[in-house]
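Asker: Got a structure here, written out as structure tokens. Questions coming.
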Amino acid sequence: MATRNFAIHMIFLSENIVGVLGNVSLLYRYLFLHFTGCRLRGKDLIVEHLLVANILVLLPTGISDTMIPFGWKNFLTDIECKLVFYIHRVARGVSIGTTCLLSVFQAITIGILSTRWAELRVKAPKYIGSSIFLCWVLQLMINIIFTMRVTGNWSNKTITKKKDLGLCCSVFHGRITVLLNTGLSLFPDVLCLGLMIWSSGSMVFILYRHKQQVQHIHRNQISPRSSAEARATQSILVLVSTFVSLYTLSSICFLYVTLSDNPSQNLVIFIAPVTACFPTVSPYILMSRDRRVSTSFLSWIRSR
């Protein structure tokens with residue numbers, strides 16, 4: 001059992017290192033483009049905030065959880081537990097929200113192929129900044145409630161019923177309170193999930209219809225702009241598909257741990273690597289599809 005838990009923590013450590021390096025690398029490339037005067041697209045701001053959120057998801061829990069195999073299980077104080085949990089929850093929520101925003105924005109962007117989307121496409125970039133700001137504020141406010149339920153494992157407080165979450169523990173306040181808190185926590189996520197599924201379905205339909213029109217009129221000759229938008233859309237579709245799959249798995253585990261009075265420690269340990277999967281793989285999905293970022297960065301390196 002101890003050997004298996006140690007192996008899981010080492011996998012989680014490796015996953016965190018790969019994820020942080022990927023997110024920091026891609027964020028650096030976007031910031032480089034920004035400060036060198038390169039014209040960024042509307043969705044680039046969304047991607048930058050997604051990368052920042054991914055880093056904040058990985059770093060706090062990653063550093064803390066990797067201490068467990070070395071015997072430092074109860075080293076976090078009550079305040080430190082609340083802070084780590086709060087940052088992780090806020091960043092995870094922003095990661096979900098920005099992925100949703102990216103999917104919806106791309107659906108609007110390629111919707112120019114239809115005349116009814118034209119006006120919305122022109123106005124959409126103006127609301128990107130305010131949408132991202134609202135996403136951060138919403139998550140900062142919602143997760144204050146859940147932070148109150150978290151305490152350190154070696155806290156001096158006298159608590160009759162606690163739930164072990166690995167590094168920290170959660171105070172049990174009754175079944176109804178747990179259900180209400182869980183519902184409040186999942187509502188924004190489910191809403192974002194629904195919007196992502198809708199926007200992804202719209203993008204698939206629009207691309208399929210456009211491909212049929214292009215094949216009929218131009219005999220498979222696609223314009224460079226259409227090709228670039230198609231690549232960007234495929235990248236976001238892969239990103240959203242990856243997110244939905246991993247989020248569904250982590251949500252099932254999260255619900256079981258939240259609603260169970262005495263959750264399995266194997267499952268508690270397993271949740272961390274599963275939750276870290278999307279923040280780890282998402283920058284590599286974006287890098288593999290966005291040639292503009294890589295090309296501009298490499299061109300600057302060669303010119304030095």
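Cβ coordinates come from backbone N, Cα and C, glycine included.
The following feature annotations were taken from TrEMBL:
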type     : residues : note
DOMAIN   : 22-286   : domain 'G-protein coupled receptors family 1 profile'
TRANSMEM : 6-28     : transmembrane segment
TRANSMEM : 49-70    : transmembrane segment
TRANSMEM : 90-115   : transmembrane segment
TRANSMEM : 127-146  : transmembrane segment
TRANSMEM : 186-208  : transmembrane segment
TRANSMEM : 236-259  : transmembrane segment
TRANSMEM : 265-286  : transmembrane segment
Asker: Within this structure, do the transmembrane segment (90-115) and the transmembrane segment (236-259) have 3 or more Cβ pairs under 8 angstroms, counting pairs 6 or more apart in sequence?
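Answerer: Answer yes, regions in contact.
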Asker: With Cβ distances under 8 Å as the criterion, find the stretch in 6-28, 127-146, 186-208, 265-286 that has the most pairs with the transmembrane segment (90-115).
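Answerer: Stretch with the highest Cβ contact count: 186-208.
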Asker: For the transmembrane segment (6-28), could you work out the same-chain residues 6 or more beyond its ends whose Cβ comes under 8 Å from its Cβ atoms?
Answerer: 47-48, 51-52, 54-55, 58-59, 62, 65-66, 68-69, 269-270, 272-273, 276-277, 279-284, 286-287, 293
Asker: For the domain 'G-protein coupled receptors family 1 profile' (22-286), would you mind checking the mean pLDDT of the predicted model?
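Answerer: Overall, the domain 'G-protein coupled receptors family 1 profile' (22-286) comes to a mean pLDDT of 77.
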